[in-house]
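Report on one structure; see the data block that follows.
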């Protein structure tokens, strides 16, 4: 997978992709993340990429021309499966979306900034508008990093234990169950006995029931979604 991130603040992303799983994925050649400075695609002398909004509303707007020039240049080199715009008014990013996007070969992510981007850029180039939550950040860089991380870790060969990603929270619309490691008894706080039994069938049953209870308690919206799907399947 190749992810091209377009931003007017590239240094914000310098360190994020240089560590841990994301770094190893790139070293293995499994994933490639390329950050593009939008300012290199402007024709203005002082590298301006934003301007005042027509109509006089507050806040600056990213101009369509440098976005056009950057995306057009990238598309001249390869085909892209998706051009994603990170924006608070986009569709909320979830695990199912991550699963789907992780199958793509090439992706462009455009980071919003200031008051957003010229609507004409959205209409002409964007295939998916994505939000990571109902709140506003200073720019789309952190959101782009979140999406990139979620996609890359799903690619086969990235995680040392590939089953780990399949048992994460939200993969089956449930939160992940509680997990424990050594020691079995820490200051009187004891690991559930069933997890030490070696009985895989009973352990799996405990994990499902624990995940179900945690989801019901912490995310009733997900619990309701799961039970509806569960009932619809006749289980």
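Using the three backbone atoms N, Cα and C, a Cβ is placed for every residue, glycine included.
Some features that Swiss-Prot has for this protein:
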type	residues	note
BINDING	112, 132, 133, 134, 135, 136, 137	S-adenosyl-L-methionine binding site
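Positions of Swiss-Prot features highlighted on the structure.
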| residue | record | DSSP class |
| --- | --- | --- |
| 112 | S-adenosyl-L-methionine binding site | coil |
| 132 | S-adenosyl-L-methionine binding site | coil |
| 137 | S-adenosyl-L-methionine binding site | coil |
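Working note on the binding-site residues 112, 133: by count of other C-beta atoms within 10 Å of each C-beta, 112 ranks first.
The Cβ of residue 137 (S-adenosyl-L-methionine binding site) lies under 8 Å from the Cβ of 143, each on the same chain and at least six residues away in sequence.
Counting Cβ atoms from all protein chains shown, residue 134 (S-adenosyl-L-methionine binding site) has 8 others lying within 10 Å of its own Cβ. Remark: of the binding-site residues 132, 136, the most isolated position is 136 (fewest other Cβ atoms within 10 Å of its Cβ). Long-range Cβ neighbours of residue 135 (S-adenosyl-L-methionine binding site) (same chain, at least 6 residues apart, Cβ-Cβ under 8 Å): 88.
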